[in-house]
Amino acid sequence: MTGRENRAPSLRSLRVLRRRWIVAQRIARRSIAKQPSRYAAAIAIFVIPIVVGLAFATVWSTNASRAALITDWLGSDAEVQAVALRIADSPLPQDEMGTVDAVDTRSEVEAEDVPALLESWIPEGDRLLLVEKIDVAHLAKTGTSKETNVIGAFQTDSPSAPGLPEGLDGIELKAGSALISEDLAGELDLRVGDEISVSTGSNEGASVLRTAEVRVREVVDGSRVLVMGAGSLDLATYEVGEGSTTSFYIAGPEAVTWEAIDELNESGFLVMSRQVLSEMALEQGVEWRGGWEFFVLLLGGILILIELVLLVEPIFAVSQNRATRTAAIVLAIGGDHHDQGRLIMAVGWWIGLISSLSSMLLLSVFHLVYAYMIGVNPLVLPRAPLVLALCMPMILGIVAAIPSARDLASIDSVAVLRGTARTPSKLVRRTPVYPLALLSAIPAMVGAAATGSLVLLAVGVALFEAGLIGSIPYAISKRWGWSDAASLSVRLALRDAIRNGSRTLPAMGSLMTTSFIAAALLITLTSANEAAWNSQAHLGPRGAVLVSDSDPSDSSPEARQRQEAAALAVDELRGVEQSVELNGMPWASTAAGPALIVEATSPSGGDPLSIAEGGRALGELDLAYLVDDGSFLKASGLVSGDEMVKAIATLKEGGAILPDASYVDAQGGANLRALDMTASLVAESNGEPEIPDPTIVSEQRIPASAWSELNIIVLSPEAADRLSLPAKPLGRLLILDRPVGALTASAFEASIVKEVPGSAARVVRETTVNLLLPRLAALVSLLAAAGTIALVVVLAANDMRPDFETLEAMGASRDLRRRVSAYQGIGIAFVCIPVAVLSGLFVGVLSVVAIAESGRFSTLIGLSPVIPVAEIVGLLVGAPLIAMIIARLASPKGAVKPSRIS
């Protein structure tokens with residue numbers, strides 16, 4: 001036999017298989033065209049969660065990648081090509097990310113030569129936007145005694161330039177005019193046209209360097225905003241370290257290349273280019289974050305994909321019932337059982353294809369809009385979500401169709417044509433492998449909790465979920481004992497649910513999956529949030545408020561008066577239970593850092609200690625040191641029990657508390673010294689190659705004890721006096737009768753600032769994202785449960801319509817169809833949701849223990865299970881109640897137009 005003859009049968013088989021698939025595709029396409037609403041629901045179930053999830057992943061990964069540098073440096077306007085900042089008088093080398101290794105001090109470029117160099121360097125067709133940021137500006141209303149300080153004032157020739165407060169586009173600003181915010185206008189009693197005196201000085205405000213008179217052109221939104229027209233103040237625009245920083249933005253059609261950056265580096269400029277950053281992001285790709293949040297959400301995402309398959313399976317089950325006679329006819333005219341299965345697989349293929357194209361299109365549109373919003377090349381955004389948007393719906397559509405296709409292929413076609421066939425119900429078809437999976441998941445998860453193995457944890461969760469859903473038939477009896485005594489509506493609902501297990505079992509699995517995921521994520525995320533909160537020290541309990549002056553460098557009597565006025569305003573709104581003063585040295589006491597610090601010398605000759613690396617940092621304030629007599633420590637809750645007694649006793653004795661016990665000698669004392677950092681800060685801000693050592697102001701041996709609650713040194717007022725260290729008033733901590741919630745914190749802070757201009761209020765709170773993420777999981781579960789029940793009710797009503805019409809013809813109530821479909825949805829919810837929530841509770845607790853034992857996430861030190869009782873009870877009770885309401889609303893309202901009984 002020749003090779004051609006050998007190939008002929010295989011080619012004929014492929015052609016026959018191709019023709020059979022074409023026939024199946026035609027039948028599926030016509031079925032979808034005849035029932036568009038049903039299949040549109042399946043497509044929406046796939047597309048909406050996938051597009052939303054992948055859009056969130058795109059934003060998250062882009063913000064965590066180097067592509068975010070483009071927006072951080074240059075804003076969202078794609079016309080802004082680059083920004084140049086003169087940070088040294090000598091040539092400097094830089095990389096694409098703006099990192100400078102060392103400054104070449106062998107040559108210098110004089111400031112007077114820079115304007116000409118910069119003008120000649122700008123690409124042809126581009127223009128220069130000047131933004132000068134003033135470290136500290138002193139404002140005084142002309143002819144009055146009203147004055148204040150503004151940290152971070154601006155002077156510019158283009159109010160729409162990057163780096164400026166938002167909302168200034170379209171405002172014309174010239175030299176001698178200024179824009180100020182409402183709070184400043186209220187503090188100085190200013191109106192449009194009023195004149196103010198603006199001066200810049202050293203960070204302590206001791207010596208005035210430059211002064212100008214400007215007129216208020218417009219009052220704008222924002223907090224402590226002052227923007228003047230270019231040339232209002234005679235600033236040292238091209239000098240380095242003169243109390244201001246100048247950003248030269250290059251805008252126009254021409255990009256700034258790497259060669260142009262090298263050229264400007266020779267004049268001491270640091271340059272960030274949109275084109276160079278985009279090329280770097282394209283070459284290196286987007287870095288996907290690997291923190292605990294990503295791990296938990298990835299695990300939840302996998303379970304949600306399983307949920308989507310289960311949610312769509314009832315639609316394929318209905319398609320299977322509708323295709324039964326078609327499959328029998330296909331078999332009768334020469335087809336086989338594989339052709340019967342291909343009918344449903346073709347439906348899954350079409351649903352997957354339409355879903356994939358829709359997801360790809362919607363996500364592509366989102367990429368274009370998001371790239372335009374942040375001002376980057378769309379190619380910079382991660383491409384992985386687009387690939388997933390194309391592949392995932394197709395895979396899910398085919399996977400969801402497999403069970404129904406397998407069932408349809410096993411139908412006895414002769415019995416179908418006689419009208420005596422019935423597809424075996426999935427709800428009573430018991431598969432032993434699922435209970436075994438459920439039983440094996442328990443030791444796997446216990447082992448993961450004992451060993452900290454995240455791989456074993458993922459396997460255990462997957463086995464538990466699969467076993468839980470697959471074991472449903474073992475909990476369902478073909479004849480429930482109470483069904484005979486139940487009403488006709490209940491008995492019909494139960495009969496239909498059991499007989500149509502191909503529809504009801506996936507719906508029950510969908511309900512269990514969403515409730516299971518929600519309960520597990522609630523516990524996992526709540527526990528992780530609590531551990532992240534405890535990893536930092538906080539000024540006080542949640543909901544407490546710190547009121548202070550808006551200028552941390554201002555220690556005048558007026559600043560203290562503003563604090564007291566703000567405290568009174570808080571008392572009127574929320575009631576103050578306790579008030580304590582907070583003193584010390586803020587890290588932002590000058591623009592470059594603290595002028596004075598304290599450090600402890602080691603008795604063993606080691607490095608001196610100022611801030612301990614292993615200690616907890618204060619979350620709400622960045623401090624160099626703290627001065628307290630014990631009042632603040634006691635009110636804040638930083639210490640308790642024996643530690644609090646020991647710490648307060650040390651401070652009462654005029655001692656100090658150190659963050660490292662090795663710096664306390666055997667006699668219970670420590671050598672502390674105060675350092676003047678002024679010379680070092682000036683040299684560093686001027687870009688000098690050699691930074692002088694700090695000057696020792698004083699050195700004393702102070703009684704001391706140690707703790708690990710804070711990473712800074714806490715001094716008693718007596719110890720601070722002995723070391724000649726100032727105790728600046730940092731604010732007043734207010735413990736409230738009615739603590740401020742995280743969701744209302746921003747509005748509360750703004751109301752206090754508006755009430756007392758020049759003050760600042762900070763609520764001790766967790767981030768809104770951390771607060772809402774666990775609750776969002778519960779909300780998604782409730783919505784998914786509602787959607788599942790609505791789908792079950794609608795499909796049951798459509799499937800049972802011939803039965804209802806028969807019963808109504810025999811005299812049954814027309815309200816019967818509404819009650820039957822509603823009871824079926826309610827029964828499924830009450831059977832599935834409590835079991836799933838309690839299972840999620842078990843899995844969530846073990847997952848938290850396993851993650852804690854793994855030690856993989858450094859930000860979750862001290863992680864332990866925290867059960868949010870209110871949310872769990874809300875799921876147990878609220879989800880079935882919502883399901884009951886949805887079932888009643890989704891059930892058909894009375895009789896419909898009679899159709900021919902088949």
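Cβ coordinates come from backbone N, Cα and C, glycine included.
What TrEMBL annotates here:
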- 39-60: transmembrane segment (TRANSMEM)
- 292-312: transmembrane segment (TRANSMEM)
- 347-372: transmembrane segment (TRANSMEM)
- 384-402: transmembrane segment (TRANSMEM)
- 432-450: transmembrane segment (TRANSMEM)
- 456-476: transmembrane segment (TRANSMEM)
- 505-525: transmembrane segment (TRANSMEM)
- 544-563: region 'Disordered' (REGION)
- 776-797: transmembrane segment (TRANSMEM)
- 776-891: domain 'ABC3 transporter permease C-terminal' (DOMAIN)
- 826-852: transmembrane segment (TRANSMEM)
- 872-890: transmembrane segment (TRANSMEM)
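The average pLDDT the prediction assigns to the domain 'ABC3 transporter permease C-terminal' (776-891) is 80. The transmembrane segment (432-450) makes contact with the transmembrane segment (826-852): 3 or more of their CB pairs lie within 8 A, with pairs spaced 6 or more apart in sequence. The stretch from 347-372, 384-402, 456-476, 505-525 that makes the most Cβ contacts under 8 Å with the transmembrane segment (39-60) is 347-372.
Long-range Cβ contacts of the transmembrane segment (347-372) within its own chain (Cβ-Cβ under 8 Å, at least 6 residues beyond either end) map to 25, 28-29, 31-32, 39, 42-43, 46-47, 50-51, 54-55, 58-59, 62, 78, 312, 316, 319, 378, 380-381, 385-386, 389-402, 405. Cβ atoms under 8 Å from those of the transmembrane segment (456-476) belong to residues 299, 302-303, 306, 310, 426-431, 433-442, 444-445, 447-449, 498, 501, 505, 508-509, 512-513, 516, 520, 831, 835-836, 839, 843, 846-847, 850-851 of the same chain, restricted to positions at least 6 beyond its ends.
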